[in-house]
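Comments concern the structure below.
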Amino acid sequence: MTRIKINARRIFSLLIPFFFFTSVHAEQTAAPAKPVTVEAKNETFAPQHPDQYLSWKATSEQSERVDALAEDPRLVILWAGYPFSHDYNKPRGHAFAVTDVRETLRTGAPKNAEDGPLPMACWSCKSPDVARLIQKDGEDGYFHGKWARGGPEIVNNLGCADCHNTASPEFAKGKPELTLSRPYAARAMEAIGKPFEKAGRFDQQSMVCGQCHVEYYFDGKNKAVKFPWDDGMKVENMEQYYDKIAFSDWTNSLSKTPMLKAQHPEYETWTAGIHGKNNVTCIDCHMPKVQNAEGKLYTDHKIGNPFDNFAQTCANCHTQDKAALQKVVAERKQSINDLKIKVEDQLVHAHFEAKAALDAGATEAEMKPIQDDIRHAQWRWDLAIASHGIHMHAPEEGLRMLGTAMDKAADARTKLARLLATKGITHEIQIPDISTKEKAQQAIGLNMEQIKAEKQDFIKTVIPQWEEQARKNGLLSQ
C-alpha cells in the first residue's frame with residue numbers, strides 16, 4: 001500500500017475532497033478583467049517574469065521527435081483513411097507547438113489560405129495568437145475557414161497569454177492571474193459545474209491546463225472546438241454523446257466504419273484518477289515551485305516529467321524514494337501497454353475482416369452492428385492511449401477502458417465470423433505484412449513519397465512567407 005505523508009501546504013487539498021467531493025479551497029477568486037487586446041509575443045513578459053520566462057524557454061530542450069507509427073505500425077491500420085495514418089509523433093516541449101503543427105504531415109501542404117484538409121480549429125491549442133484572434137474577431141471569426149488561413153497570424157509558441165491575464169496590473173506585479181483564454185473551455189467547465197471565476201486557486205490551475213489537454217471535436221459548419229461533456233466526462237458518457245449527435249471524425253477506409261479519434265484527454269483521465277480525486281493538480285507535478293539563484297521561489301515553467309524534479313514534486317507527498325516510485329509507474333505503464341497491444345491486434349483483424357465482408361457483398365444493415373462495435377472498441381482504446389500519461393494519472397481507469405475495448409472488439413469479430421460464414425467465407429482472413437510503418441502505409445494504399453515531397457515543398461516555400469508576413473505585421477519579435 002502506498003504511504004503518503006501530508007505536508008501543511010497540501011493537507012486540505014488532499015483530504016477534504018476525498019470525503020466531501022467538493023473543492024477544498026473555500027476562498028473564491030474574483031474574475032480578473034479580460035484584456036482589451038492579447039499580447040501574444042512571449043518575450044514581452046520576460047522582464048516582469050524572468051525566471052518563469054527562462055524556464056518556459058527551456059522547453060526547447062525537450063526536442064526529441066519520437067515516431068509513434070514506427071514504434072507501433074498497427075496504428076496505421078486503425079487510422080486508415082485519416083491523416084494520423086500519415087504521421088503521428090509523441091509530444092515534446094511547448095516551444096515546438098507551432099513548429100510541429102506546421103510540419104506534421106497531418107496538416108497537409110496547402111498552397112493558399114483556402115487550401116488544405118484541416119480547419120482553423122487545428123491551431124486552437126498551439127499559440128497565444130489564438131487568444132488574440134478570438135479577442136479581436138470573436139469565436140466565429142476565428143474558427144472560420146481553413147487551417148492555412150491562420151498561418152501568417154498564429155506564429156508565437158504556446159506561452160504566457162494562453163494561461164495568464166497578461167494585461168492585468170496584478171500580473172505585472174508578479175501575480176499568476178490565471179485565466180481561461182479559450183471561451184469554449186470556459187463554457188465546458190461551466191457545463192460540468194465548475195465555473196472558472198468561482199473555482200479555488202488550485203482548481204483553476206488544473207482548469208487552465210484543461211483548456212488544451214482535453215478531448216474535443218469540431219462542431220458544426222464552422223468546425224468550432226467543443227468538449228463532448230454534455231452527458232459526462234467518462235468514456236461511455238462521451239461515446240453516448242457522440243452517438244446521439246451521429247458525429248464521426250472520419251470513415252476507416254478498410255472497414256468503412258464511422259470512427260472517433262480521441263485527442264489528448266489528460267483532464268478527463270486525471271479527474272478519474274487518485275491524484276485528481278484528491279486535488280493534486282497538474283501544477284503540483286509538472287510545474288513545481290523551485291528556487292532561483294537568489295533563493296527566491298518561482299513556478300518552474302519547463303513543463304515535464306515529475307521525476308525530473310522529484311524532491312519538489314513526488315517527495316512532497318510520497319515517502320518512497322525515487323527508484324521505488326519509478327518502478328511502480330513502469331509496471332503500470334507496462335500493464336497498460338500490454339493490454340493496448342492486445343486490443344490493437346483485435347481491431348486490426350476486425351477492420352480487415354469487415355473489409356472482407358463488404359467485398360463479399362455484406363449490406364449496410366448487416367454491417368451496422370459490427371461497425372458500431374468497432375467504433376466503440378476503438379474509441380475506448382483511443383481515449384486510453386491518447387492520454388500519454390494515463391499510467392500515472394489513472395492507471396485503473398486506463399485498464400478498465402482497454403478491457404471494455406477488448407470486449408467490444410471481440411463482439412465485432414464474433415459477429416463478423418458469423419456474417420462471413422453466410423457469404424461462404426470460413427477461412428481465416430489474411431492480414432498483409434504490417435510489420436513496419438512503411439509496409440502498413442503501403443497496405444492501405446498511401447503514396448508516402450508524394451505526401452512527403454509535397455510537405456517538404458510547403459515547409460520550404462509557404463512557411464517562410466507566413467513568417468515574413470507576421471514580422472511585417474509586428475506579430476513576431478524581430
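Cβ from N, Cα, C; glycine included.
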One of His301, His318, His349, His351 listed by Swiss-Prot as binding heme c 2 at the site of Cys160, Cys163, His164: His301
Listed in Swiss-Prot for the heme c 4 site shared with Cys282, Cys285, His286, one of His86, His144, His393, His427: His393
Of the candidates His49, His94, the one that Swiss-Prot places in the heme c 3 site of Cys209, Cys212, His213: His94
His264 (substrate binding site) versus binding-site residues Cys122, Cys209, Tyr216, His301, Cys317 - nearest by Cα: Tyr216
Collapsed DSSP category at His318 (heme c 5 binding site): strand
Rounded inter-Cα distance in Å - His318 (heme c 5 binding site), Cys212 (heme c 3 binding site): 28
Largest inter-residue Cα distance among Cys160, Cys163, His164, His301 [record-listed heme c 2 binders, Å]: 13
Cys122 (heme binding site) versus Tyr216 (Ca(2+) binding site) - Cα distance in angstrom: 11
DSSP three-state assignment for Cys163 (heme c 2 binding site): helix
Count of other CB atoms lying within 10 Å of the CB belonging to Cys317 (heme c 5 binding site): 20
Whole-number Å value for how far Lys126 (heme binding site) lies from His164 (heme c 2 binding site) (Cα to Cα): 15
